[in-house]
Each structure stands twice: as structure tokens, then as C-alpha cells.
Amino acid sequence: MKQYLELMQKVLDEGTQKNDRTGTGTLSIFGHQMRFNLQDGFPLVTTKRCHLRSIIHELLWFLQGDTNIAYLHENNVTIWDEWADENGDLGPVYGKQWRAWPTPDGRHIDQITTVLNQLKNDPDSRRIIVSAWNVGELDKMALAPCHAFFQFYVADGKLSCQLYQRSCDVFLGLPFNIASYALLVHMMAQQCDLEVGDFVWTGGDTHLYSNHMDQTHLQLSREPRPLPKLIIKRKPESIFDYRFEDFEIEGYDPHPGIKAPVAI
């Protein structure tokens with residue numbers, strides 16, 4: 001995961017001081033890309049421990065189309081707590097847009113099912129895309145989508161994915177985002193009888209919060225360790241039938257975790 005550490009250093013070296021919605025302040029760069037060959041290992045940051053339970057359960061929650069944090073709480077995941085209302089609702093965030101994008105005539109489009117069908121029946125299509133950025137519903141969302149748009153690509157029997165992330169919290173959020181989409185690529189590839197290819201991450205406003213600087217320097221002082229391997233223990237009937245127990249990360253030997261405040 002040297003690419004990730006190099007991005008951190010780039011933000012420190014080249015970033016512009018900017019104000020932000022949270023009032024915390026950031027160092028920010030605009031436009032950055034990283035490529036991870038998923039054949040080389042699972043891209044889970046090793047210079048600090050990442051909470052894999054949260055990453056897996058959040059992705060399963062998205063795939064169910066859920067937008068209430070009750071499922072997350074049942075599984076001891078609290079990463080969405082700060083944005084939920086008193087009933088645990090977040091509005092039409094990722095899960096709603098992925099699974100039930102509303103159309104003007106009252107229908108709902110299941111984008112995940114659509115891209116699975118495309119991958120199986122028209123893998124050379126240049127339209128194998130999922131978007132969470134629904135302009136008509138942004139004002140109803142507790143938090144506008146940060147990882148907003150992703151595209152799948154099939155070549156030589158391998159499935160690749162590129163994500164566009166409009167806003168990226170490099171220290172806290174990005175390790176989650178990379179691992180989450182890498183996991184999704186593995187799941188989609190298994191469902192489509194493909195091998196995994198590359199995960200390409202593209203960032204817009206890519207920033208370090210001003211209250212994450214000490215943590216960033218600590219992480220940069222650490223040497224990356226070998227990437228772990230993802231094992232999927234079974235192939236469910238559909239992309240929506242995976243369970244937490246289906247996934248195992250083998251050989252994950254990270255440095256200790258580093259705590260940092262969340263900018264809300």
C-alpha cells in the first residue's frame with residue numbers, strides 16, 4: 001500500500017489550506033489516481049489496523065438497499081451514527097440509490113442487478129455503471145455521497161472497477177473505501193465467473209483534516225507490511241446473499257491502530 005502513503009505525503013507537501021463544511025479545515029489537493037492489482041493481494045492498509053468488521057458489514061448493508069443504521073448496530077458497527085436521525089434513518093443514501101433509484105414515472109431501478117446482468121450478458125459494454133449521486137435527492141440525504149460513481153470493465157477474463165470519489169478523507173475514510181470496493185469487485189467477479197483485475201481509485205477533493213496531522217506523520221513513519229489475501233468461503237446464489245461469515249482475511253499483520261476524530 002505504498003500508493004496510499006505516497007498520497008498522504010503528497011497532500012502534506014502540495015496541499016492547499018481550505019475551509020470545509022465541517023469547520024475543521026483541511027490540506028487539500030484536487031485530482032489523484034491510484035491503481036491496485038487485486039491479483040497482488042487484498043488492498044487493506046497495513047500501517048495501521050483497519051476495522052474489517054465495519055468495512056464488510058457496511059458493504060453488505062449497502063447491497064441490501066438499507067438506509068437505517070439498525071442493522072449496523074446489531075453488528076457493532078457505529079461508523080454512521082453521527083449522521084443518523086433519532087430513528088436511525090439517513091435518508092436516501094447509498095443503499096437506496098444502488099438498489100432503488102427512483103424514476104420520474106414512479107419506477108425504481110436496481111443498479112446492482114442491472115450491472116450484474118450487463119457483466120454476464122454484455123461484458124464489453126461501456127455503460128456498466130452505478131451512480132449514487134442523485135441530484136434530485138441530495139437534499140434529503142444525511143450526507144451527500146462521497147464515493148459517488150463507479151464503473152466496471154472486463155478484459156481477458158478479469159473484472160476491474162474504477163471509482164470516482166468526489167471528496168476523500170485520506171486518513172480515516174480512504175482505507176475503508178479502497179477495501180470496500182476491492183471486496184465488491186471480488187464478490188461481483190465470483191458471481192460472474194471472472195477473475196479479479198484492477199481497482200482504480202480516482203479522487204476529487206482529496207484532503208487531510210487539520211486535526212489528523214499528528215496521526216498522519218505517525219503512519220508515514222511506519223513501514224508497510226505484505227498485503228493479506230481475501231478468501232470467500234462460498235458462492236451464494238446471488239450478490240445479495242453473502243454473509244459476514246463468508247469472508248476471511250488471511251495474513252493480515254498490521255501495525256497498531258491510530259485513533260483520530262471524525263469531522264462531522
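Cβ coordinates are placed from backbone N, Cα and C, and glycine is handled just like the others.
Feature annotations, reproduced from Swiss-Prot:
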- Arg21, Arg126, Arg127, Arg166, Ser167, Cys168, Asp169, Asn177, His207, Leu208, Tyr209: dUMP binding site (BINDING)
- His51, Asp169, Ala263: (6R)-5,10-methylene-5,6,7,8-tetrahydrofolate binding site (BINDING)
- Cys146: active site, nucleophile (ACT_SITE)
*Residues with Cβ closer than 8 Å to the Cβ of Arg127 (dUMP binding site), same chain and 6+ apart in sequence?*
Gln118
_Which listed residue (Arg21, His51, His207) has most other Cβ within 10 Å, given these are binding-site residues_ = His207
*Measuring Cα to Cα, how many angstrom lie between Ala263 ((6R)-5,10-methylene-5,6,7,8-tetrahydrofolate binding site) and Tyr209 (dUMP binding site)?*
8
*If you draw a 10 Å sphere on the Cβ of Ser167 (dUMP binding site), how many other Cβ atoms land inside?*
20
_Neighbourhood of Asp169 (dUMP binding site), C-beta criterion under 8 angstroms, separation at least six_ = Cys146, His207, Tyr209, Ala263
*Which of the three DSSP states, helix, strand or coil, fits Asp169 (dUMP binding site)?*
strand
*asked:* Taking only the residues the record lists as binding (6R)-5,10-methylene-5,6,7,8-tetrahydrofolate, namely His51, Asp169, Ala263, what is the largest Cα to Cα distance between any two of them, in Å to the nearest whole number?
replied: 18
*Would you mind reading off the Cα separation of His51 ((6R)-5,10-methylene-5,6,7,8-tetrahydrofolate binding site) from Arg21 (dUMP binding site), to the nearest angstrom?*
26
*CB contacts for Cys146 (active site, nucleophile) [other CB atoms within 10 A, all chains]*: 18
